[in-house]
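For 9-239, the entry in Swiss-Prot reads domain 'ABC transporter'. Among the features that Swiss-Prot reports, ATP binding site is placed at 41, 42, 43, 44, 45, 46, 47, 48, with the record citing sequence analysis.
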């Protein structure tokens, strides 16, 4: 029996322009059924426009949008098997919780007894089974967010689109809701497409992340792949904190930066090719200055609760960010040490296709 590998959502060469301003630039995107995807990027990068294009609220200027293999560019939003949870939830204050959840079903003239059954089931999914009669003004922000999700799920979509739904919540509730959303997606087994500018949310919840900037998808992959193997300077800086240092790839598995040669885990580049070297702050260990692979001088530090964030400089005036469980004195020279696999080498201006091909080539060797 053949396995259906066709993506549930596919965008092919999709662009969107407003006059001369191009919001989306040749977007190609495949979403498989049953996974949690995140579009991650700064404000104005085009991530919400992609969401609206899939939902049918925005028309693509060019390119094709597919759902289960069928082009849906001209299909009205209310006929698409997707539902959207908006940033402001868009709940009706004059309706109670159950009435809000039932609203879409009533518009579609679903029989009353079926409405009651589906509303109760949807509320139970989001742990609000006992709050159906509550007014919207009587429930918390986190509960309002769950009502908005229940209202979308009650329509039994194949894809749920979520447009920064956690942004209005406080830090603790936002973290709690990350767990709840991930658990809900896994229990339901439907496709979630989540939009956020918060890299912590993306890393915590996603099966796959697409990092965007200026209307383009720069890199897609698992959270671990995106974090450990960023394709370029923007991705490395946007996904977590990074030390990014100019360097030179001497040969496979050997790189030079700050005037020294180091063993690394990268290959597939030209001898003496100019590169950028990434070292994450948490991968740097502090040792005595005479024992370090690098020597830096501490400039400042902040206590972050479970670690000290130390800013230091080397003799070439490169800034180094270090996360350590031990404090360091300002003005003190310290040694930094790290393992070869902690070094990530990035080519300048490498496309995602070329990046993926290079990784596959040297990982297979």
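Placed from the backbone N, Cα and C atoms, the Cβ positions cover glycine too.
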Densest Cβ environment (other Cβ within 10 Å) across the binding-site residues 43, 48 belongs to 48
Within 10 Å, the Cβ with the most other Cβ atoms among the binding-site residues 41, 44 is that of 41
Cβ-Cβ distance under 8 Å, sequence separation of 6 or more, same chain as residue 47 (ATP binding site); the residues meeting this, in order, are 39, 40, 41, 195, 212
Based on DSSP, name the secondary structure state of residue 48 (ATP binding site): helix, strand or coil. helix
CB neighbours within 10 A of residue 46 (ATP binding site), counting all protein chains shown, number 22
Please list, in sequence order, every residue of the chain apart from 41, 42, 43, 44, 45, 46, 47, 48 whose Cβ lies within 8 Å of the Cβ centroid of the ATP site. 197, 212, 213
